[in-house]
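Engineer: Can you keep this structure in mind? I'll have questions shortly.
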Amino acid sequence: MALLEKLHRRIVDMGLVPRIIALLPVISMLCALFGFISIAILPMDGQYRRTYISENALMPSQAYSYFRESEWNILRGYRSQIKEMVNMTSMERNNLMGSWLQEFGTKTAIYENEQYGETLYGVMHAPRGDGTEAMVLAVPWFNSDDEFNIGGAALGVSLARFFSRWPVWSKNIIVVFSENPRAALRSWVEAYHTSLDLTGGSIEAAVVLDYSSTEDFFEYVEISYDGLNGELPNLDLVNIAISITEHEGMKVSLHGLPSDQLTNNNFWSRLKILCLGIRDWALSGVKKPHGNEAFSGWRIQSVTLKAHGNSGHDITTFGRIPEAMFRSINNLLEKFHQSFFFYLLLAPRQFVSISSYLPSAVALSIAFAISSLNAFINNAYANISLFSEYNLVALLVWFVSLVISFVVSQAFLLIPSSGLLMTISMASCFLPLILSRKIHISEPLSYRLKNVAFLYFSLVSTSLLMINFAMALLIGTLAFPMTFVKTIVESSSEHEVTTQSSNPIKTEPKDEIELVENHMDTTPATPQQQKQKLKNLVLLILTNPFISITLFGLFFDDEFHGFDIINKLVSAWLDLKCWSWFVLCIGWLPCWLLILASSFESKSVVVRSKEKQS
């Protein structure tokens, strides 16, 4: 205790506290910079690890794969008939496919959804199991690019026929043919766990096939694994998919990496995959779904296998990947649990765990907390009581901003007009500039609004970073320029009339604070103030959640055009229950509204101390 007192006296004597308080904006920037650097150094040698299989029972590629040339003619026969299904109705396709599945003993049923169409599924009961566990082989009729999944459907029925002849299965196998990998497949997964009569037990894992080409050959395999709302499949499942694919001689692509970059393994290639992974993880459900996203939320580990190119490996080689994966999963005696559920892949065989990448998002959250502290104490109004009118009004404005944000989130679910939303967002940014002579707030209130805004955003980011790291990092990065919005005090002439505040606050035993509001004749803004107003305007535009996420989509993802990302955020909630839309509306928008309110011109309040009356 004596040591702490001595240290405290030394700090006071050296005057470190005022210096630290004055440097709070710099400390906030350094925290954010540390967050960016800590994520950027992960691809450096020594910062990442090589992937490995944690669950020994999986044993990928330990057994010989039998889905080979013997199945070639059968697969081609199914494919030639599936080509004729392109112009058939969903009912006709499902009835024909269902008859094929029934030929080798599969129990089939059709799940009908008025909004998303029909989904055919069949259950093959395990000869060596008790019927309580299952594996899913999902084949959407149309893939994420709206291409008819001819090769995938042919592989699906061929593999089902192939699996039916094997007596080794201890888990049921469910084959699913949905209209698309998005809402149709998601609705079937929800119905399977709630209302379907024909079921095959708890689903342990799912593999989605995407082979839209009519060619016999393909070049490489893209493996997609990002789930909804920050979920990822157990790393063991991703590892066995990669291990089996490479064991069969095929190259693996992650996050849409083109074929000419698959052999690169240096700092820049790993950094690129890292950035693409964070982007795809944050926007999973908003981007075109691959199919594995549909299984999120039910403790089902899932990946999507997509074939690219038209030369190199034959189609049966592609079929050996799900065969070997099912044989590995079949060995499990319990659910996936040994390996990581939170990770970032830098290459097919290299990854970093949550302990390595989490500090970056934590640093951003701390940066907002420090900005909140700076707005609270680094001004002339630090000694105002916590129960003063300024603090109470700031909390009231925060509550109103929450209500407005909630109304916005619900209104645009009913009327998804991205153009209207962007127009309102852009117009709101100009309000402090347009109404600068009509609406004023007190300077203490401006600082308190910033204090509440940054504190709220820090709490949101901290709550989010454990369950959806990528989204926390994304919104923290895009919203951080808000901390540079400055309070603008209006210019005034020399004479002033003062009024005493009705809230005297004790600071010392014999002193009270007297708040004196300046009532001055305003003069035109100085060039410096005009410059700061324009700077605030630019910062408000760039940090508006809807404008910012739109710009991010346009610059960093070729999939989005115009205001598409706003509509897809809404549809992601309606179709997949992906709550990224509410993160923007309830987590980010209230903070931005508070900063918008704080950027209106303010009137200074003079703080004077007076001797306490007896």
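Yeah, the Cβs are placed from backbone N, Cα and C, and that goes for glycine too.
Sequence annotations record features per position, and here Swiss-Prot assigns topological domain 'Cytoplasmic' to 1-19, 378-394, 486-535, 599-614 based on sequence analysis. As annotated by Swiss-Prot, transmembrane segment applies to 20-40, 357-377, 395-415, 465-485, 536-556, 578-598, with the evidence given as sequence analysis. According to Swiss-Prot, the feature topological domain 'Lumenal' maps to 41-356, 416-464, 557-577. What Swiss-Prot lists as N-linked glycosylation site is Asn87. Annotation source Swiss-Prot lists motif 'Prevents secretion from ER' at 610-614.
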Engineer: Under DSSP, is Asn87 (N-linked glycosylation site) helix, strand or coil?
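Structural biologist: Looking at the DSSP assignment, Asn87 (N-linked glycosylation site) belongs to neither helix nor strand, so coil.
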Engineer: For the transmembrane segment (465-485), which recorded stretch in the set 20-40, 357-377, 395-415, 536-556, 578-598 gives the largest number of Cβ pairs separated by under 8 Å?
Structural biologist: 357-377
Engineer: What is the total of other Cβ atoms whose distance to the Cβ of Asn87 (N-linked glycosylation site) is within 10 Å?
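Structural biologist: Counting Cβ neighbours of Asn87 (N-linked glycosylation site) within 10 Å gives 8.
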Engineer: Quick test of the contact rule: Cβ under 8 Å, at least six residues beyond the ends. What residues does that give for the transmembrane segment (395-415)?
Structural biologist: 421, 449, 452-453, 456, 570, 573-574, 581-582, 585-586, 589-590, 593-594, 597
Engineer: Count the CB pairs under 8 A between the transmembrane segment (536-556) and each of 20-40, 357-377, 578-598, then give me the winner.
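Structural biologist: Comparing 20-40, 357-377, 578-598 against the transmembrane segment (536-556), the winner is 578-598.
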Engineer: At a C-beta cut-off of under 8 Å, are there same-chain residues at least 6 beyond the topological domain 'Cytoplasmic' (1-19) that contact it? List them, or none.
Structural biologist: none
Engineer: Please indicate, using numbers and ranges, the residues of the same chain that are 6 or more beyond the topological domain 'Lumenal' (557-577) and have a C-beta under 8 Å from a C-beta there.
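Structural biologist: Result: 182-183, 186, 228, 279, 283, 285-289, 293-294, 297, 412-413, 416, 418-419, 421-422, 546, 549-550, 584.
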Engineer: Could you give me three numbers for the topological domain 'Lumenal' (557-577), the DSSP helix, strand and coil residue counts?
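Structural biologist: Going through the topological domain 'Lumenal' (557-577) residue by residue, I get 13 helix, 0 strand, 8 coil.
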